[in-house]
Amino acid sequence: MKVWKTLEQKHPESEILKGVLDEADAVVVGIGAGMSAADGFTYIGERFNSNFPDFIEKYKWLDMLQASLYKFSTWEEYWAFQSRFIKLNYLDQPAGEAYIALKEMIEKKPYYVITTNADNAFYAAGYNMDKVLYYQGEYVRLQCSDFCHDKTYRDDDLILEMVEKQVDMKIPSELVPHCPECGAPMEKNKRTAEKGMVEDDAFNAQKDDYNAFLKAYDSDKVVYLEIGVGHTTPQFIKHPFWRQTRQNENALFVTMNQKSYRIPEAIKPQTVFLTDDIKETILNAHNN
Ligand SMILES: [Zn+2]
């Protein structure tokens with residue numbers, strides 16, 4: 001069993017983060033909603049209120065997550081909301097400081113990123129997109145709402161036109177996109193609990209590439225670094241990271257989260273809990 005020298009002494013959290021990344025042979029990073037929120041892309045408060053005052057007035061939503069899952073009764077209203085949501089959380093999303101700092105730390109090592117977020121934070125921060133697996137889809141891509149075929153589409157101009165031309169929270173009917181195969185309305189390519197999502201060839205190729213990376217480093221000093229991952233969909237990042245750690249005595253599971261979650265006894269000796277502010281810890285680790 002290999003030794004992690006960083007863990008032999010007590011350090012501030014930012015030094016632990018920097019230390020284990022320096023020592024690692026490879027890094028696998030799992031990013032959840034908590035990372036984007038920590039970097040300013042919040043789903044609540046001013047950012048939500050100022051972009052959707054009309055919808056909030058009508059539906060009394062508490063945050064953008066609740067809003068984004070709402071079942072609209074017409075496609076005109078669905079796309080009026082989604083086009084504004086996609087513009088805010090994808091097309092116009094600026095580069096986040098913590099995302100950039102994290103990239104500069106991990107790119108010194110072989111690395112891979114898996115995320116349950118569907119925003120544009122990685123591209124905006126200049127990540128190598130061949131190394132980022134979007135497990136839950138991307139807001140900007142479209143899929144057939146009947147799942148009739150395994151292709152996804154992207155039409156940024158159409159999204160912006162929907163934002164421009166909507167009136168009273170409805171887009172003109174002729175702007176509702178339709179499936180080129182079956183004619184059903186198109187929706188955004190985002191995994192949901194009840195339907196899943198359309199997984200196209202690019203997604204499957206990237207997923208295979210990610211799994212090959214995990215396999216290539218399955219006995220090395222690997223850091224499985226989980227950032228801002230909650231318990232809504234633990235099957236995509238949290239549980240696989242636990243399994244990978246349990247199967248490799250040289251691996252560490254590092255979890256950055258201000259809430260603490262229960263960890264299985266078997267991997268507790270290989271687990272590092274970082275509970276300070278996510279953004280501050282990353283920026284301090286980067287500047288050390
Ligand atoms: Zn179709």
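Residue numbers in this text run from 1 along the chain shown.
Yeah, the Cβs are placed from backbone N, Cα and C, and that goes for glycine too.
Residues or ranges marked as domain 'Deacetylase sirtuin-type' in TrEMBL: 6-288. The annotation Zn(2+) binding site is assigned in TrEMBL to CYS144, CYS148, CYS179, CYS182.
The secondary structure of CYS179 (Zn(2+) binding site), as reduced to three states from DSSP, is coil rather than helix or strand. Each residue in SER145, ASP146, PHE147, HIS149, PRO180, GLU181, GLY183, ALA184 lies on the same chain as CYS144, CYS148, CYS179, CYS182 and has a C-beta within 8 Å of the C-beta centroid of that Zn(2+) site, without being one of the site residues. The Cβ of CYS179 (Zn(2+) binding site) has 20 other Cβ atoms within 10 Å, all protein chains considered.
Neighbour count (other Cβ atoms within 10 Å of the Cβ, all protein chains): 24 for CYS144 (Zn(2+) binding site).
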